[in-house]
């Protein structure tokens, strides 16, 4: 269940267990799914590195904006855009800047006041540094939204996912749901058993097991959104 924040807004903070698990696609697909239901969705990529033209949205920010049909200013959708494709703390240092944490939190609160539901996609996993001794998980805690964790189904995912959930809970975050993304058409034994094992060992609700998709980024988003069902709406809007 996704609770309402202290400020009255409703939303989710999306994190991943590793690079390449499909966190950006799942976050965008969730936005697309809710828009199809007639919900006014706000989206945010607080920090995005590897942005060629920092005067515009990066790839992840633009995908979120498109998926949600979000009319918020780009500096609310993606307040901190950095050119180097590195961990945000290092990318910011090389750009000669320091990430404004208070500003990011304020922007998130602004979106929560403007929209029915807000999807915030973190940069990498929750242990990725935004500045000295301040991680993505710290930002999620400051914003106050529950956590959706996206993981892969293959070998190694149990360790990665359980570590992510353990760290999240130690931080005081609320991991409310898990999505296993990229399940192949003919799964092996590890992939076949991973979702149930993750739900049991991680003591977390398994919201969705998502089949592997193909095509360009927007086509993938549409295909993932097609896989979401009514149980997801019940989790997000109990």
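Note that Cβ sites are derived from N, Cα and C of the backbone, with glycine treated the same way.
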Among 52, 53, 60, 71, find me the residue TrEMBL lists at the same ATP site as 20, 21, 22, 23, 24, 25, 121, 122, 123, 124. 60
Specify all same-chain residues, apart from the site residues 20, 21, 22, 23, 24, 25, 60, 121, 122, 123, 124, whose Cβ lies within 8 angstroms of the center of the Cβ atoms of the ATP site, ordered by sequence. 14, 16, 19, 26, 27, 150
In whole Å, the longest Cα-Cα distance within the recorded ATP binders 20, 21, 22, 23, 24, 25, 60, 121, 122, 123, 124 is 14
Integer Å value for the Cα distance linking residue 124 (ATP binding site) with residue 49 (substrate binding site) is 10
Using C-alpha atoms, which one of the recorded positions 45, 49, 121 comes nearest to residue 24 (ATP binding site)? 121
Among 20, 22, 122, 124, the one of these binding-site residues whose Cβ has the fewest neighbouring Cβ atoms within 10 Å: 20
Give the sequence-ordered list of residues that share a chain with residue 60 (ATP binding site), lie 6 or more positions from it, and have CB atoms under 8 Å from its CB. 24, 45, 48, 78, 121
